[in-house]
Amino acid sequence: MARNMNILTLFAVLLGSASAVYHPPSWTAWIAPKPWTAWKVPPPAWTAWKAHPPAWTAWKATPKPWTAWKAPPPAWTAWKATPKPWTAWKAPPPTWTAWKATPKPWTAWKAPPPVWTAWKATPKPRTAWKAPPPTWTAWKAAPKPWTAWKATPKPWTAWKAPPPAWTAWKATPKPWTAWKATPKPWTAWKATPKPWTAWKATPKPWTVWKATPKPWTAWKAPPPAWTAWKATPKPWTAWKAPPPAWTAWKATPKPWTAWKAPPPAWTAWKATPKPWTAWKATPKPWTAWKATPKPWTAWKATPKPWTAWRATPPPTWTAWHGHGYGGYGKPGKPGKPGSKGPRGPAGPPGATGKTGRTGATGKRGPPGYPGKPGVPGRNGYVHIVFDGYGKWEIGKIERKNIREAVAKAWTAWNAGHGHGWTAWTAPPAYG
């Protein structure tokens, strides 16, 4: 099994190296230097701002008043150093020490039998079978084609560096550092007791009103005309279907289908017979050995002379156990985990909780992604896009304004995401 896995791993590595070396022309062209390389370098102001201010460095270096408080008190240190009266009580009794030093009758019984020792010393037939095949050993020692590729500098190393403007901005001090250090006026206000604390604890008159049924419950239900209208088919269902041009394009064969197909060399290799197929089909020498009865099977089934000895403790053990020093035995093996107990009865229903307060307004969400272009309409296109800040922009756009509207939506999306990709790729063209 291990040999098969080694061979499969070899072909997986070879296939992975081949796929890593080959790139289509579009990939090679894209690897060229990008216009956003300089933009990604952090400005010097940022690099300087990230550094610790001198006040912080000096504060860290000054001794703190709580260092002495954290040290243990002298009384504890002195108590730890004094000898304890229970040290002698914890020592094992002399009878236990003498018993441990005497040879035990079961020492010889625990030794493995001579036939086992001899069998362990003989060479096994599976030793040679477990060694890796010579082809694998030679392949492991041969130089690999991807070693040189890994050692060459890559063109994207410089692209990953942050831009200088970002580094400079990081290094400049920020105006909010001092504001954070000043005490705030609301700190004291938060600590004072509030007048509404007692009001919240008193029962409210609207608690009973909330529990009574309201006359407008039936009024809120949708009218039957609305329910019937929802169930009838709508004339715009067919209008929402994709245009025939899209359906026809989806049905035509694409030029990249052949590019995605596996290379002929891989297909041919898969079809050729493999050398390990015959090896798997041949009978193995250990199959017969596994089927033959073993000499230790009968030995395991016969009663052992030490079974009775284990059941009856010797008198010396019983007498010694009366000393009360039984805590010096070896720790027992951990017990097996217990089975799962029966399911307990259901608890009483909990009390109805109070209505929670209205939550605070949430933070602005992340920028949205551009929507897909709408299907054709009577006045050109109904174009639905994101404006780059998580809001929908829906409206009818004339055909002559399609390109301008899409370009604006694309630029807004780039600005909302903070990426400078406008120079890298042009907005999609519609109309």
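Numbering starts at 1 and runs along the chain as it is shown here.
Note that Cβ sites are derived from N, Cα and C of the backbone, with glycine treated the same way.
Swiss-Prot marks one residue of Pro123, Pro195, Pro315 as 4-hydroxyproline, namely Pro195.
If you compare Pro24, Pro42, Pro222, Pro427 in Swiss-Prot, the 4-hydroxyproline annotation sits on Pro222. Secondary structure of the repeat 'B-6' (151-160) per DSSP (helix as H, G, I; strand as E, B; remaining residues coil): 5 helix, 0 strand, 5 coil.
Neighbour counts were taken at the CB atom with a 10 A radius for the modified residues Pro155, Pro164; the maximum falls on Pro164.
Other Cβ atoms within 10 Å of the Cβ of Pro235 (4-hydroxyproline), summed over all protein chains shown, number 6. Ranking the modified residues Pro92, Pro262 by C-beta neighbours within 10 Å puts Pro92 at the top. The CA atom of Pro164 (4-hydroxyproline) is located 19 Å away from the CA atom of Pro155 (4-hydroxyproline). The DSSP secondary structure for Pro224 (4-hydroxyproline) is helix.
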